[in-house]
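Student: Can you read through this structure? Questions will come right after.
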2 protein chains.
Amino acid sequence: MNVTPLDESVTLERTIEGGTEKQRESVSSIIEKVRENGDKGLIELTEIFDRVTLDELFVQQEEIDEAYNQVNDKELEAIRKAIENIRDFHQRQLRQSWMVTKEDGTMLGQRIIPFDRVGIYVPGGKAAYPSTIMMDAIPAIAAGVKSITMCSPPGEDQRLHPMVLVTASELGIKNIVKIGGAQAVAALAYGTESIQKVDKIVGPGNIYVALAKREVFGQVAIDSIAGPSEIVVLADETARADYIAADMLSQAEHDELASAVLVTTSEGLGKKVAEELERQLEDLPRKKIAEESLDKHGAIYLTETMAEAVEAVNRLAPEHLEIMTAQPDNLLGSIRHAGAVFLGPYSAEAVGDYFAGPNHVLPTSGTARFSSPLGVDDFVKRSSVISYSKEALEENGEYISAIARIEGLEAHARAVDIRKGEK
Amino acid sequence: MNVTPLDESVTLERTIEGGTEKQRESVSSIIEKVRENGDKGLIELTEIFDRVTLDELFVQQEEIDEAYNQVNDKELEAIRKAIENIRDFHQRQLRQSWMVTKEDGTMLGQRIIPFDRVGIYVPGGKAAYPSTIMMDAIPAIAAGVKSITMCSPPGEDQRLHPMVLVTASELGIKNIVKIGGAQAVAALAYGTESIQKVDKIVGPGNIYVALAKREVFGQVAIDSIAGPSEIVVLADETARADYIAADMLSQAEHDELASAVLVTTSEGLGKKVAEELERQLEDLPRKKIAEESLDKHGAIYLTETMAEAVEAVNRLAPEHLEIMTAQPDNLLGSIRHAGAVFLGPYSAEAVGDYFAGPNHVLPTSGTARFSSPLGVDDFVKRSSVISYSKEALEENGEYISAIARIEGLEAHARAVDIRKGEK
């Protein structure tokens, strides 16, 4: 990888894949089938797409017990510690309802109310993604959501991955449905005989899951459809090239579209990072993916000054930002746009991906300009409360009807007047 | 209007208008033209759609001064008092950034950062809507957004309505652009020579504005596209029929699609409200609109018990809910889904529409199940901060790499190991 001067037109913006016409049609017909045939439709679609005939839609306690036998102590301890950290962070995001009272008897308030029901989609496949479950479910649990339904596609043995079951069980998730794909999204959005419809669906998935989420949006809320993952590392000459390269590779190994970018004021560091990338790539299991990602979407940019580098970061608005400079804290106040900021040499992105506490579901493709990490806010809504006394209405009524009449809405004005005995 | 038993299948859900193929094409070509031709394109499109040739895109101070001369003292006082109340309520929504520190040197935080730039669309036409400007701009101002650009279509005299100019001026909005329609949305989303592109566009508009907002969504954030307005009044036999009818009419006069519904445990009250609706309709300037709205989307439902009525309200999840019962406060805790709740006989919806403080931009079509009133939250984003010390990494590194390896992401694990000197 070459060290190149920063190009101002560089962006992390990506077009989010809209799927082919055929994929969209397929998703529509799957959703239709679930709406029409309910549980029976789910069983049939799972036979077609997952090549397995389910005896039960829901995971039974016995399967959970068996799953615990297949997870080793170290793994279980790691999951438990991660849950503790992630729960602690998200509980701090909870807001209280509040109320203001005035002397004229007015009472105004803002209630914070959790959603009734949330659905979480967890992708299947050979690897298990316990972090997905933790990061999607814990904010909902911390928000106070009482009913959480998790859906994930079954393996050929009708089972879910033991790590998935254990993580869900540790979180207290009771409704686990062995259904994946667009059919899972349809079941969560519209409900079936055995699955209650939810208010919001979150979680990553393949193109069919993404298209289905887009199609049911409005019927239910959904999380944003994530683009490829990105990291920007902001570094000066004091940074360790081997750490930076390791973190860039941990981003690049996700998939070929992932983007790992270094912005530095030090040409020397840039060159060392390029060397380290070569060296560390060598024996990486996912070398091919990481290599393609670095080739196509990786970069090492050189700027003259740190101010210029910071401005570039704000322009890019990266999902993950690592600051590895002599005084990383001093730069934090200048960073306006980044999903999560990792400060200093020991804050590897992996620390935040799995363990530290903040959410790993972050705004991608430059949307950190106006979007936030997944959090408790995504599972509560605000509701306003207005209570006016007779006195308050009599005192302020003339102003209210004046504005109503400016807007040409006479019935609004009269609704005030009638209470003043004027109509 | 008849008093009918509550039907459980009743819903406030509406299909949001998607526009015709021709309208969508027209909007796409307008956006394209603005992207290509910038300010010149805006001037040309305004000639076509507003039949006026603009000398200036931006409102000049002289026009503001003249506008003040056309607004009477009572109106100005009403606007100023409303601004004060709305500002006070929204300032209370502001959240602080926070930070947690641990003994091992870990620092975790959540920063709250306002958007850089926001665009506000204000519809034109013969009536002025100062409340739209207040309700859309004040949350952004309270959030700390530094740059606000307002767009509104000019009249034949190249001017905006004096009430619009005065309200904007009272709020300190400096950038006022005399452009409306899809072209305004395009200018805000992509920028031109003289208009800076924004991060979020809010505000109501006609179908072209709505389609344009939908098309630029992703490039910028947008507010939700509102459906027709609704009110549900929950009342027992103690409520005043004339107040309820007045409030239902103030909803019905908005447009033919608006929906005004009474849910009551008292058949006597229901009948009296029906009579009052007839009586009050008689001399209403917007009688025709209100009548059609009541005919097509109005209803008076009777339930056996208050518990049943409350459950109906939660199922409907109305934009506005008025509670007119003997003890309205006692029911508040049972209301899970409503955009804004108005308690007691003197809390007419109009009080909240214009003046009390809470926002009047509320979730419609049953989306109060998972959506909130417009507020400061809509103009800030959260950003997470993670700072790990050497000690914290050494203590927790093994857990982090264990989870990374469960997920099959070796480079993530190595990014931790290398910092422990293990790679």
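Placement of Cβ uses the backbone N, Cα and C atoms for every residue, glycine included.
Because TrEMBL annotations are produced automatically, they should be read as predictions rather than curated entries.
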Student: In TrEMBL, the substrate site includes B:S229, B:Q251, B:H254, B:D353, B:E407, B:H412. Which of B:H320, B:H337 does it also list there?
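Tutor: Same substrate site in TrEMBL: B:H320.
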Student: Report the member of B:N206, B:S229 (the binding-site residues) whose C-beta atom has the most other C-beta atoms within 10 angstroms.
Tutor: B:S229
Student: Which of the recorded positions B:H320, B:D353, B:E407 have a Cβ lying under 8 Å from any Cβ of chain A?
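Tutor: Going by the Cβ criterion (under 8 Å to chain A), the qualifying recorded positions are B:D353, B:E407.
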Student: Which of the listed recorded positions (B:E319, B:D353, B:E407) has the least company, meaning the fewest other Cβ atoms within 10 Å of its Cβ?
Tutor: B:E407
Student: If you take the centroid of the Cβ atoms of B:Y121, B:Q183, B:N206, the listed NAD(+) site, which other residues of that chain have their Cβ within 8 Å of it?
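Tutor: Surrounding the site, in chain order, are B:P123, B:C151, B:P153, B:G180, B:G181, B:A182, B:A184, B:V185, B:G205, B:Y208, B:V209, B:A212.
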Student: Can you tell me the three-state DSSP label for B:H254 (substrate binding site)?
Tutor: coil
Student: Three states by DSSP: which one describes B:H320 (active site, proton acceptor)?
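Tutor: Its secondary structure by DSSP: strand.
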Student: What are the sequence-distant neighbours of B:H254 (substrate binding site), meaning same chain, six or more residues apart, C-beta distance under 8 angstroms?
Tutor: B:P228, B:S229, B:I289, B:S293
Student: Using a 10 Å cut-off on Cβ-Cβ distances across all protein chains shown, tell me which of the binding-site residues (B:Q183, B:Q251) has the largest neighbour count.
Tutor: B:Q251
Student: For a quick check of packing: other C-beta atoms within 10 Å of the C-beta of B:Y121 (NAD(+) binding site), how many?
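Tutor: Step by step: centre on the Cβ of B:Y121 (NAD(+) binding site), count other Cβ atoms within 10 Å, giving 27.
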